[in-house]
Amino acid sequence: MDNSWRLGPAIGLSAGQSQLLVSLLLLLTRVQPGTDVAAPEHISYVPQLSNDTLAGRLTLSTFTLEQPLGQFSSHNISDLDTIWLVVALSNATQSFTAPRTNQDIPAPANFSQRGYYLTLRANRVLYQTRGQLHVLRVGNDTHCQPTKIGCNHPLPGPGPYRVKFLVMNDEGPVAETKWSSDTRLQQAQALRAVPGPQSPGTVVIIAILSILLAVLLTVLLAVLIYTCFNSCRSTSLSGPEEAGSVRRYTTHLAFSTPAEGAS
């Protein structure tokens with residue numbers, strides 16, 4: 001620092017001018033060439049996949065990362081700054097441009113055009129050594145709309161993907177980590193028929209099993225029909241009988257006997 005103050009008198013500048021010169025030099029070291037925006041601070045951290053023993057570490061549409069614990073303790077980063085996870089195709093990392101405003105943040109719906117999007121919004125309080133987050137599962141939200149900024153939508157294909165963390169505030173990017181290595185998701189494999197002709201023994205076994213299955217189905221059908229037939233015959237269709245006795249009457253015909261001596 002003392003050498004910087006000696007630079008002013010050496011080139012004929014006063015103490016105030018020397019201080020201004022040093023401030024300008026420090027500012028220029030943080031400004032990207034061709035822009036008026038300060039370059040984000042580089043954090044020497046590489047995102048890593050979670051432990052191999054974790055179930056679901058890699059699926060058809062998700063992968064799980066370790067927490068970046070204690071990686072955002074720089075004095076340039078505030079607790080109010082937003083920490084995004086940038087998800088990109090491996091061949092799109094070179095063309096990635098950090099958004100300057102929240103309106104420029106790409107959503108998962110823009111992934112097919114840009115090759116990257118931002119998700120898993122957080123802050124450094126959640127990434128302390130004893131943070132609240134345990135794992136970061138990328139692509140785990142099946143209910144959010146892909147047009148929504150920050151949506152953790154399932155990944156559309158096997159990849160390969162690369163990720164990094166990006167810190168932003170209202171003025172633009174503040175800091176960023178390094179890109180991760182390539183991550184490839186699992187792929188669904190179609191069922192394949194057994195190659196080569198089947199042996200005669202296999203054909204005989206398949207035929208016997210088919211015959212036994214047909215016989216079993218026939219027996220079951222016959223038992224079902226017999227049971228249903230007997231059940232229908234034994235079912236009474238009359239109503240409940242009334243209790244009581246019925247007296248039987250015999251009908252007699254009354255004949256009048258002619259009176260004796262009648263003429």
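Placed from the backbone N, Cα and C atoms, the Cβ positions cover glycine too.
As recorded in Swiss-Prot:
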- 1-33: signal peptide (SIGNAL)
- 34-204: topological domain 'Extracellular' (TOPO_DOM)
- N51: N-linked glycosylation site (CARBOHYD)
- N76: N-linked glycosylation site (CARBOHYD)
- N91: N-linked glycosylation site (CARBOHYD)
- N110: N-linked glycosylation site (CARBOHYD)
- N140: N-linked glycosylation site (CARBOHYD)
- 205-225: transmembrane segment (TRANSMEM)
- 226-263: topological domain 'Cytoplasmic' (TOPO_DOM)
Who are the chain neighbours of the transmembrane segment (205-225) in space, where the CB to CB distance is under 8 Å and they lie at least 6 residues beyond its ends?
-> none
Spacing of the two Cα atoms, N91 (N-linked glycosylation site) and N110 (N-linked glycosylation site), in whole angstrom, works out to 16
Given the glycosylation sites N91, N110, N140, which one is most crowded in terms of C-beta atoms within 10 angstroms?
-> N140
Cβ-Cβ under 8 Å from N76 (N-linked glycosylation site), same chain, 6 or more residues apart: which ones?
-> E41, V174, A175
Please state whether DSSP places N140 (N-linked glycosylation site) in a helix, a strand or coil.
-> coil
Could you find out if DSSP has N110 (N-linked glycosylation site) as helix, strand or coil?
-> helix
Quick note, N51 (N-linked glycosylation site): same-chain residues at least 6 apart with CB under 8 Å of its CB -> R57, E66
CA pair N110 (N-linked glycosylation site) / N140 (N-linked glycosylation site), Å rounded to integer, equals 18
Averaged pLDDT, computed only over the residues in the topological domain 'Cytoplasmic' (226-263) | 57
